């Protein structure tokens, strides 16, 4: 970063590429202050496993983080990854209740070294917006036009008070906003994913509606879960963003790689090896998701020697359930 009073040098921005992304958890010490050393160690380990990074998303307890804390996490991750994984893509959360503050997050994220942001419209006024397609489109349009880095739509009705963007709305935004780089569908709607990816994966779409980061950069479309990663790749998804990557990044990256290879070999064939790996990941993803962030941190404590606790009011994981997990 340049601290000159007359100029600002934007950090290198990596295009959001197809692949598996891990929404990394945020680590705190016993005083609930950021544990940046554990965070940097974890980001490097996830990248070692072959995954790109999402910071300060739902899994990263974004709602519990201040503006400076979110930016400190991005800066810490970028500085650590630049040493051993300079090509690793960093997406960071920009979800909040207003368009104005979302744009503020976008600008801060760009200065901190993020390559893109992911934005969920998290608002107490959802009742006034849930059926107002024009207002929802305007929010994402304004954010995409104002953001200095690409914006990924985050569709997660549970965390957005029921706001659930349909496939038509997302496709219209993809066509009208070149700075929208993709969409994460944590609604887990395979039909919606397929409807979008069937169109956005076509060469004609990419040629007519190129992304702001390059004409050959795909529109990223994937689920927030890995329990159906292989079927979603069969449905032309470009990847996934999965919390299971926090404890098994190598497995998720391998499943993604095998899924892409299997589909490339023959769209009509199913390989037993890939199916077996998908079965394992589906079971693990379901088990970990049921325990929440506390369970993820508990598993990291067992597997990696660091983890800690969430910030209250999220409860810590009950060790009594550790054996089953």
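Each residue, glycine too, has its Cβ placed from N, Cα and C.
Predicted automatically and left uncurated, TrEMBL annotations should be read as such.
Counting only same-chain residues six or more apart in sequence, the Cβ atoms lying under 8 angstroms from the Cβ of residue 154 (active site, proton donor/acceptor) belong to 57, 93, 95, 118, 119, 120, 183, 184, 186. The feature active site, proton donor/acceptor is assigned by TrEMBL to 154.
What TrEMBL records for 184 is active site, schiff-base intermediate with substrate.
The pyruvate binding site annotation in TrEMBL covers 241. Using a 10 Å Cβ-Cβ cutoff, residue 241 (pyruvate binding site) registers 30 neighbours.
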Quick one: give me the count of other CB atoms within 10 A of the CB of residue 184 (active site, schiff-base intermediate with substrate).
26
